[in-house]
């Protein structure tokens, strides 16, 4: 096979049906941004929309904007607009709060629906906040306990005992970039009589998915990665329609009440998914998300996924071709159907390599202890950027440029 | 006593040391805004600051801004800047999440510190979301229960049984505007061996307070009322320093971890108040709060409180003088030391009166079933506005203008 080169990458860019989308984003000069899996870049339409919310809706409309500007129902109306990204429909998604809080709602509701089962099952390699929240929750009720399957989930079936009420899984593993088979695993969990909560943080916006078709029970996720909704943009929770009458979550704030403005003393859960609301939503932070959802509404998510697969595939091929012999290991599955939109590379000096890449304008991410995590956001990355990043990586490794950067300083955990 | 008139009010404005602060706010033409106790007006500096956060910090700084723009520590650094408003010091306040969630944290921590006591005591007249959250929380753990004292709190002492772990009280009653004696009540609760959580939503920014001096245990509140931080601005939680080593809250997300970036499997609470953080803060929504805190740093809160007392006092006097015989009852205490910055009036047609006032440019608030709730924000209201609002009220009542407005339509609660 002849080797891949820059002109090949440029040809891919010329053929890319999404190439023009890049122009709709602000991207700093001289930066190849491979951290869109942590914080997505900003659409150029964001500043004007935020300005409108602040100066017009708040400044002029004042408290009346809770009605006239549709503020009060943002968690539901924006939820309906986000739903197509995850294969859901109207009345199934609430947007608001953080991923951690939405996890609490979903797992709390699931536990309430399986009162004779005590176990929350998750994965040892889960993003830590999921584990921490589940630890806090099970310690708090005292009647539940958290069990963890192996990081590679190889013992899922074995751990699906009759005492498992709910299983929490990440659709894409944040370390390895592995994409799980939502349909098959959901079936497997249901066969054991348990419910599932899918964490979509690392798949929403880049992976086609069909929560309804997979018969998933609950899903949660954030919007600030591939959905580009800005730092700490509101998170979301999905509740399958067939569960909505029964599902009740423990964070029962007034916006989830059946009649929030009746100011009655006793909580009564609202209709449908609205009971997954808690309280006053952070309106200004919704604006960038709305801009992003406007953009997604114009895009074909199949094209987005296809470009994502092509970007990550090209990166892996180029690493093989250019960076052999440098102690790099591709952690992410080589089968495109089994990976999200990131490529993780293991290297004993991963932290230092990330720092050195940054000096060359390639922004990547480090995950302790030894993983370089590179996200490929298909809306604003070019195939040429993939080429540039591999050239930079080769230079850093070949010249041992990482040596001039300090070892990681992590706060010790006693 | 000679009657008060417009020129008297204008004279008060001329003598007002805070008069110039009004010019720093956006206020729509022709509106007398008496809903600052619901959503505060916007400072003119907000749009530029929000723009900076969006266009520069996010757009240009991208993920690096978590460090370089101080995003990651906003909940603590902004907490330190908010602390003087509530009589607290550095390292005692976390800003983030919603009031409801912060209530959950504070009450959860308090219950953990009184393991032999099962009761959460609150007030029947509390703002409903506090009650709803406590109902959800106690049902969820199963080992705690919520008890409610009378709406006037007259039976507090009687209800302070040895089984009470924590008492949740609003510093200012959202319906009546009554200001509680934080010092005396905190002592009373401590004498019964319980802890207290003060809800400061309706007092922060207008009432001088001294959480430290009162030896309060926990406090929570929002920032979008008299602190003018915009719709859904981040809320806060205060934890007394003497409790911080022991207090653990059940919503144990990764930002509250001792070493959030070590990505270890087990939760270990962070030092001090940091363990009251949960997860990724909504950065864009912090910007208006920071603008407000900049403004408050220049102000003398004693002057703010003094003007607040004068505004509400003048309003009550003018209602007495101008609106006698119209079936209005002043619900708020006439003793300035016993009220917050609002005046509540009871009227059988309260909802319709509020609508009719709005047609005259006076924006007020209705609370079911029969209360007009008028907030007097001292930073941007003039004494002349008080005059105008009473003149409008008199006209609405005298001309029975409320008759042309429909009766309230509230969603029925079954």
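Please read every residue number as a count from 1 along the shown chain.
Any Cβ shown, glycine's included, is placed from N, Cα and C.
According to TrEMBL:
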BINDING   B:99, B:100, B:127, B:128, B:129, B:130, B:199, B:202, B:224, B:254, B:280  pyridoxal 5'-phosphate binding site
MOD_RES   B:225  N6-(pyridoxal phosphate)lysine
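Using a cut-off of under 8 A between C-beta atoms, the binding-site residues B:99, B:199, B:224, B:280 that neighbour chain A are B:99, B:224, B:280.
Residue B:225 (N6-(pyridoxal phosphate)lysine) and residue B:280 (pyridoxal 5'-phosphate binding site) are 24 Å apart (CA-CA, integer value).
Comparing Cβ neighbour counts within 10 Å across the binding-site residues B:127, B:224, the minimum falls on B:127.
Proximity of residue B:199 (pyridoxal 5'-phosphate binding site) to non-local residues of its own chain (separation of 6 or more, Cβ distance below 8 Å) is seen for B:99, B:103, B:126, B:127, B:130, B:168, B:169, B:170, B:171, B:219, B:220, B:221, given in sequence order.
The 10 Å shell around the Cβ of residue B:99 (pyridoxal 5'-phosphate binding site) contains 27 further Cβ atoms across the protein chains shown. Using a 10 Å Cβ-Cβ cutoff, residue B:129 (pyridoxal 5'-phosphate binding site) registers 26 neighbours. In this structure the residues listed as binding pyridoxal 5'-phosphate are B:99, B:100, B:127, B:128, B:129, B:130, B:199, B:202, B:224, B:254, B:280; their two most distant Cα atoms lie 30 Å apart. For the recorded site, residue B:99 (pyridoxal 5'-phosphate binding site), the DSSP three-state label reads helix. In this structure, of the recorded positions B:225, B:280, the smallest number of CB atoms within 10 A of the CB marks B:280. When the alpha carbons of residue B:225 (N6-(pyridoxal phosphate)lysine) and residue B:129 (pyridoxal 5'-phosphate binding site) are compared, the span between them is 16 angstrom.
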